[in-house]
Structure formats: structure tokens, C-alpha cells
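Below is one structure, written out as C-alpha cells; the observations come after it.
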Amino acid sequence: MGALYSVAEIRQAERAAAAQLPPGTLMQRAGRAAARIALGIIGAEPVAHQALVLAGPGNNGGDALEVAASLAQSGVGVTLVQLGRADAAGALNHIPAGRQWALVVDGLFGIGLARPVEGAARAMIDTVNALACPVLALDVPSGLDADSGAVIGPDGVAVRATHTITFIGDKPGLHTLAGRDHAGHVIVDRIGIDEALLPGASVHMNEPAMFGLAFAPRLHDSHKGTFGDVAVVGGAHGMAGAPILAARAALLSGAGRVFVASVDHGPAFDSGQPELMFRDAASFNFAGSTIVAGPGMGDSATAIRLLGKALDGDNPLVLDADAINLIAASPDLQARLAARTAHTILTPHPLEAARLLGVTAGVVQGDRLEAAREIAARFDACVVLKGSGTVIAMADGEALINPTGNPGLASAGTGDVLAGLCGSLLAQGWPARDAALAAVWMHGEAADRLVAEGCGPIGLTASELPAAIRRVLNRMVAERPKPAGQPQS
Ligand SMILES: NC(=O)C1=CN([C@@H]2O[C@H](COP(=O)(O)OP(=O)(O)OC[C@H]3O[C@@H](n4cnc5c(N)ncnc54)[C@H](OP(=O)(O)O)[C@@H]3O)[C@@H](O)[C@H]2O)[C@H](O)CC1
Ligand SMILES: [K+]
């Protein structure tokens, strides 16, 4: 179910399988599988179409030659361009200009790419990226790192494919960092390799099946105390909006009571959401509340004192934004975080993660899975490393990549909404792992639904997310399989 494998794991399975098969069998299977996808993209009347097939110097190129042969047998007009082998009979070593292609097949480089693409190969990729036709990448879009999702650089280029057929197993680099922008729609083809040859995956794609909807049934005999209290600690002077966004998200995703505990003298109420209760954080009694610390919290002595108090308590806790930065700057607060035993979720963006790890954001983005796992292990907490293809990691090493969401989320306040949503699920009794997986998935899904309704991605605002999340949430609860006899929730 949505397992992701490293290049090393794929290589290992490939070797084990190839050892049991006549030479070239796997490549033939890969080529035929890709040709079937190519024909599906080209559509009816294959004979009326021209396909451009790019073949690189390695086995990825070998796959491309198989695809070219299969397409030709199906009547498709094939123009084969072979990198660096002008002498091959009938092959070109450059892309003919001014032609209309029904499809480009990218077989330049796969998991063997070892360095930034340069020279003729780079020129080919630039040419392909300027075309307006569908592009089918074989195994990995050429130029992309299959493990990290980075465009291999510095200053590298990668094919922006509309489709990728990836062989043997799915790969994390197709789904995080630059992966989503370059892989397009990903199809996985095992090419007949026995599942037993693949190691147990420690990385998976996030999806509803990965997190049980841990909602308690909403009985008629309920009261607002049944569904938990959330206290958002933040709102330093001039940053009152952040905790309000987090609080609204917590309220609209089902928390019973939501407080905004302001570190400075904040607003007395939120006219847009009068259900929220505003308190002075310094005198607020946090007992029994799930705490969301960080939105607009600032770095005052009050903020630091309150953060330490939250860390030392046994309240479920979400740490976001300034809370993460304060912890990153304080070995004492780091030790107090690591010592916690109650449910804890951190929601850093790459730069906040870099501060926590004492590295650059480039290092974090160079291996997002490793960065998230390192923070989770170091602080024994659940970590949500935000970005395209958000990574959720647990202290035991489990990691998942989230597929929902879109560039509309790259706007002010969406992180506050996510933190509030995490807090709401914790307050309703969810364990940290499920709360983080569900929150990240629903946060992205809500943004995708808003875009589908024409509300974005340009100009999508954080304020629009809580109501959209509520719709996603209630639909998921309504559609989930119910054990016999469980009352309507
Ligand atoms: N082996 C199998 O049974 C199957 C393999 N599959 C396909 O094979 C690729 C992996 O093939 P591999 O040959 O290991 O590597 P690539 O084809 O991805 O490319 C590596 C070759 O390209 C050269 N290279 C690497 N980087 C660059 C660069 N920046 N510029 C130019 N050339 C580069 C490299 O040679 P060097 O010695 O110069 O490094 C290799 O020649 C896999 O992705 C699948 O598509 C199938 O899965 C079927 C089974
Ligand atoms: K490729």
C-alpha cells in the first residue's frame, strides 16, 4: 500500500530478480509496460502520431529502445534520438526542430544519474521542457534524484514530465521536494518482480488508510467538554492573527472549546468567530487543554517561560513557528522537549527544521526524509516537515510522504491552520501519529478542493481552509466503514 523504496533497495531487488531471469528480460518488460502507457497517452489512431524517444547511455536508455520498438510495432511513427551515439543506425543525436510530437519518451537517465546533467543532454532536457506535448519519463524524470526529489545540481536541470512510469517500486523522490513538479502523474509497474524480493518498506505514501479515523462516535448525549479543549498560545504584539487562524481551525475541526492565550494584551474577542475565548496566557490555567504553542508567539521572556511550562507539563502539545525557533536556540528547552512523554507534534518548515538540527535549509531539503527522522528521534516526537510532499516522521523511524496540497498553501497563515488542526485532533483523543497524518492529509485535501472549486491556487487564503477542512473531515467520517452497531458519529 503506497510503499516507497530507496535506489539502493530497488537495485538490490533488481539484481536478485535479474539473476533468476534470462538477460534483458526486465528491460523488455519495462519497455513494454511503458509502451502500453505511451499508447494510452497517444490515444486512438496511433498510426497518425509521431513519438520522440530519447535514449540515454545506460539501462534507462535501454528501456527507451524497447519502448521505441514496441511503439513502432503498434504503428506509431518513432523518432529515436540517442545521446552520444550518433553512429547508431538511423538514430539521431539531436532533437529535430519544428516537429509536432504526440508524445516524448524520456529515457535519458534513471536511477543511475550520478551528477548534474550537462552538455548535449542538458540541451535536450531544455528542449523537451519547452515543448507543449505530453512527456512520459521512464523510471525517473531525467535529472531528478530518485531518493531526495532534488534536481541534481548545483544548477541542474530535470525533465518536467506529465507522466512517469516507475519500475519495480515507487520512489520517494517522485513525491517530495521537486518530485511533484517533475514527475507528473506517477504509475508504478512492478515489471513482474516478486514482492518478496523487495525489503519491508519503512517509507509510505500518506493516505486515509494509513491513519485510522480515531474519532469517538458523536453521541447525542454529548457536551462540549466531551470533545476536548485547545489552548493556542501565541499572539505577541502585531501577530494576533496567527493564533486566531490556529484557533478557528481547531474549532471547525471539532474541538469542544478553544482558547486563545495571548502572550501580549491581544484582542478581547474574534468578531469573525465569537465562539473563541480569549485569555491572558500568563494567568491561564492550561490544565486539561491540548496546547498549540507558537503561532505569532514571538521571543519575549513571557513566551519563553510559557513554552517551558508547556514542555514540562503532560498536556498533549503541538509546537509550531516561534516555539520551534525558541527551542532551537535553547539546549535547555531541547532537553525538556526530549524528556516529554505526552503526545507531541512538531510542525517545522525547512528553515525551522534546519535551526533545530543546526544545519542549513539546503541540507534539510537535500534529504527531507532523513531530516524529519533525525528530529523525530532526537526529541522523541512526531515531526511534520512541511513543503511540497510534506514528510511526517515518527521517533521509531516510520516516515510517510503526503500527496495532497498545492501551491495555494504557500501563503501566510496556512501553517497556523495546520497547527490548530493537529491540536484539535489531539484534543479529541487522537494519538500523535494519526493526528499528524490525518491533519496533513486533510489540510492538503481541503486546499485541493478549494482549487477545484476555482478558489486558487492563486490567492487561496488561510482563512478559507478551516471551513474546507470541516467539509473534508465530515465527508471522511461519513464515508468510513463503520463497525457493526457503532452509532452514527
Ligand atoms: N538493470 C535492470 O535490470 C533494469 C534497469 N532498468 C532501468 O535502468 C535504469 C538504471 O540504469 P543505469 O544504467 O544504472 O543508469 P541510468 O541509465 O540511469 O544512467 C546512468 C548512465 O548515464 C551515465 N551518466 C550518469 N550521470 C550522467 C550525467 N550527468 N551526464 C551524462 N551521463 C551520465 C552513466 O555513466 P557514467 O559512467 O558516466 O556515470 C551511466 O552510463 C533504471 O532507472 C531503469 O530505467 C529498468 O528498471 C529495467 C530493469
Ligand atoms: K528517465
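Note that Cβ sites are derived from N, Cα and C of the backbone, with glycine treated the same way.
Summarising the annotation, TrEMBL assigns (6S)-NADPHX binding site to 59-63, 110-116, D139, A242, G296, H349, D416. Taken from TrEMBL, the feature K(+) binding site covers N60, D106, S142. Per TrEMBL, AMP binding site is recorded for K386, G387, S388, G389, T390, G415. Per TrEMBL, domain 'YjeF N-terminal' is recorded for 10-199. The domain 'YjeF C-terminal' annotation in TrEMBL covers 207-476.
Annotated features, which come from TrEMBL, shown on the structure.
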residue	record	Cβ contacts under 8 Å, 6 or more apart
N59	(6S)-NADPHX binding site	M27, G110, G112
G62	(6S)-NADPHX binding site	M27, G31, A55, G107
D106	K(+) binding site	L54, A64, V128, V135, L136, A137, L138, P141, S142, V159, A161
I111	(6S)-NADPHX binding site	V7, I10, R11, N60, D139, V140, A146, K171
A114	(6S)-NADPHX binding site	none
H349	(6S)-NADPHX binding site	L385, K386, G387, G415
S388	AMP binding site	T176, L177, A178, G179, R180, D181, G405
G389	AMP binding site	G149, H175, T176, L177, G179, R180, R368, I401, N402, P403
Other than K386, G387, S388, G389, T390, G415, the chain contributes near AMP (Cβ within 8 Å of their centroid) the residues H349, L385, V391, N402, G405, L409
Close to ligand 2, in the sense of Cβ under 6 Å, among G62, A114, G387, G389, T390, G415 as binding-site residues, are none
Within 8 Å of the Cβ centroid of N60, D106, S142, the other same-chain residues by Cβ around the recorded K(+) site are L54, G56, G61, A64, G107, L108, F109, G110, A137, L138, D139, V140, P141, V159
In the three-state DSSP scheme, T390 (AMP binding site) belongs to coil
The largest Cα to Cα distance in Å among the residues K386, G387, S388, G389, T390, G415, listed in the record as binding AMP, is 15
Taking N60, I111, S142, G387, G415 as the binding-site residues, the residues having C-beta under 6 A from ligand 1 are N60, I111
Across the binding-site residues (G387, G415), the Cβ with the fewest other Cβ atoms inside 10 Å is that of G387
For T390 (AMP binding site), the same-chain residues 6+ apart in sequence with C-beta under 8 angstroms from its C-beta are T176, V384, I401, N402, G405, V440, G444
